[in-house]
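For reference, the structure is listed below as structure tokens.
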Amino acid sequence: MVTGDLFADHAPADDARIALGEAAFVLRGFALADAAALLAAVDAIARRAPFRHMVTPGGFEMSVALTNCGPLGWTSDRRGYRYATQDPLTGEPWPPLPDVFLQLAGHAAAEAGFPGFIPDACLVNRYVPGARLSLHQDKDEHDYAAPIVSVSLGMPAVFLFGGLRRADKTQRIPLFHGDVVVWGGPDRLRYHGVAPLKEHPHAVLGSQRINLTFRKAG
Ligand code: MD3
Ligand code: FE
């Protein structure tokens, strides 16, 4: 990276593929060219499956708002976490995965060494200033051999990347509008989270961050 300006609207376009682990890579700016199409698709998804604050099994309301698209969607309530074919809010199937989502996820995964990635779930997370995601593992998916691909849009965030145990020390990685991260193999079950979002309004999205996470859940 040439500069480290957290206040920039996106990372410097230096084509970098930064290794975070053995099989975890940040692809700086990989989604920049598709950002407008991705955001238009998010708007269309949210009209059918609105963003909502889910409740954890422990009874806490998540500060991040979320929705889903694809055959499976991640949900949480007092009974637990699970993937479901229908949106519990509307009783309807989740909106389909837009083509631009599938293409981008497949290309990014291939770039990081995971060819042939076809996700069946996309979580769409929306952060406003103060929203955070505490350290967790993603283990509600059946197939840990498939990678996870994440796309960051809007305000920058500090991604926390830990180890296989909750107490392991965490790296702090700033993620900007247009960045894509791919996690697989031995890094797939590492603890991770997002630090409380700071207010640095983005030119396109204002005071929000949208994160898309593509998974093979079923
Ligand atoms: C690292 N989302 O939705 S990127 C999540 O920015 C989630 O909204 C964050 O963690 C966000 O579960 C972080 C996605 C991510 C997803 C799975 C991972 C990072 C991961 C699995 C292993 C290591
Ligand atoms: Fe996660």
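The backbone N, Cα and C atoms fix where each Cβ goes, and this holds for glycine too.
The DSSP secondary structure for ARG166 (substrate binding site) is coil. If you look up TrEMBL, you'll see TRP74, TYR81, ARG82, TYR83, ASP140, ARG166 marked as substrate binding site.
Under the heading domain 'Fe2OG dioxygenase', TrEMBL lists 118-218. The average pLDDT computed over the domain 'Fe2OG dioxygenase' (118-218) stands at 96.
ILE210 (2-oxoglutarate binding site) falls within a strand segment according to DSSP. Long-range neighbours of ILE210 (2-oxoglutarate binding site) (same chain, six or more residues apart, CB within less than 8 Å of its CB): LEU39, VAL42, VAL124, ASN125, ARG126, TYR127, SER152, LEU153, GLY154. For ASN125, ARG126, TYR127, ARG209, ILE210, ASN211, LEU212, THR213, PHE214, ARG215, the entry in TrEMBL reads 2-oxoglutarate binding site.
According to TrEMBL, the Fe cation binding site annotation covers HIS136, ASP138, HIS192. The local packing around HIS136 (Fe cation binding site), expressed as other Cβ atoms within 10 Å of its Cβ over all shown chains, amounts to 12.
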TODO: For TYR83 (substrate binding site) and PHE214 (2-oxoglutarate binding site), determine the Cα separation and express it in whole Å.
DONE: 13
Task: Filtered binding-site residues, from ARG82, ASN125, ASP140, ARG166, whose Cβ is under 6 Å from an atom of ligand 1 - done: ASN125
Task: Where the C-beta lies under 6 angstroms from ligand 2, the matching binding-site residues among TYR81, ASP138, ARG166 - done: ASP138
